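Data first, discussion second: the structure below is written as structure tokens.
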């Protein structure tokens, strides 16, 4: 698979005092932004059922989340993020069992050009209001790690927060997780608290048959 950053994150239910607590911890509000996310999959959810998540974000372009090694269990997720369209196209073709499109360079036409040939269609689309924070935590070894905290409210009324770290190598994941869990604890998040992603709640409310398809694969395990 093409190389990409490894995203390690933990979702939680934010409270009315979460932003104030972030300020107390020295967090910096980077921006407030509103954007639309559109998710694509086959009618059978061939991507989501194998833990791949294809998204087009307004103003940011395409992203494919690919399953990480998940070497450490717990209330977090680990994905490799692909954002270069040629890499996304190659990975989509591999996951969906299709040959590379066209005779030229794979992905030269971009993701939009292969949606139809690969049988991908719009599955979910919603608008999110986000406040994005950054927090720098110092470890016992004196090393500082930047963590990002996003507080989201979707246009269908669901609010969720996430603490995220981006790393380059699998060996960096345990240290990132330690920081994520530490910051989560400082924010008052319970040790085993899990909060579903906006997409999962959207499917549960508006596409219950698709939600049921995912339950058959993952059970109560939160994705993505």
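The backbone N, Cα and C atoms fix where each Cβ goes, and this holds for glycine too.
Values in this document were obtained by computation on a predicted structure and should not be read as measured data.
As annotated by TrEMBL, domain 'CYTH' applies to 5-206. Annotated Mg(2+) binding site per TrEMBL: 7, 9, 150, 162, 164, in sequence order. Per TrEMBL, substrate binding site is recorded for 11, 55, 57, 65, 130, 162, 198.
Residue 9 (Mg(2+) binding site) and residue 55 (substrate binding site) are 17 Å apart (CA-CA, integer value). A distance of 18 Å separates the Cα atom of residue 65 (substrate binding site) from that of residue 150 (Mg(2+) binding site). For the binding-site residues 11, 57, counting C-beta atoms within 10 A of each C-beta gives the highest total at 11. Comparing the Cα of residue 11 (substrate binding site) with the Cα of every entry in 150, 162, 164, these being the binding-site residues, the smallest distance points to 162. Predicted-model confidence for the domain 'CYTH' (5-206) is 88, expressed as mean pLDDT. Here the Cα atom of residue 7 (Mg(2+) binding site) is found 17 Å from that of residue 57 (substrate binding site). Of all the binding-site residues listed (55, 65, 130), 65 sits in the most crowded Cβ setting, with the most other Cβ atoms within 10 Å.
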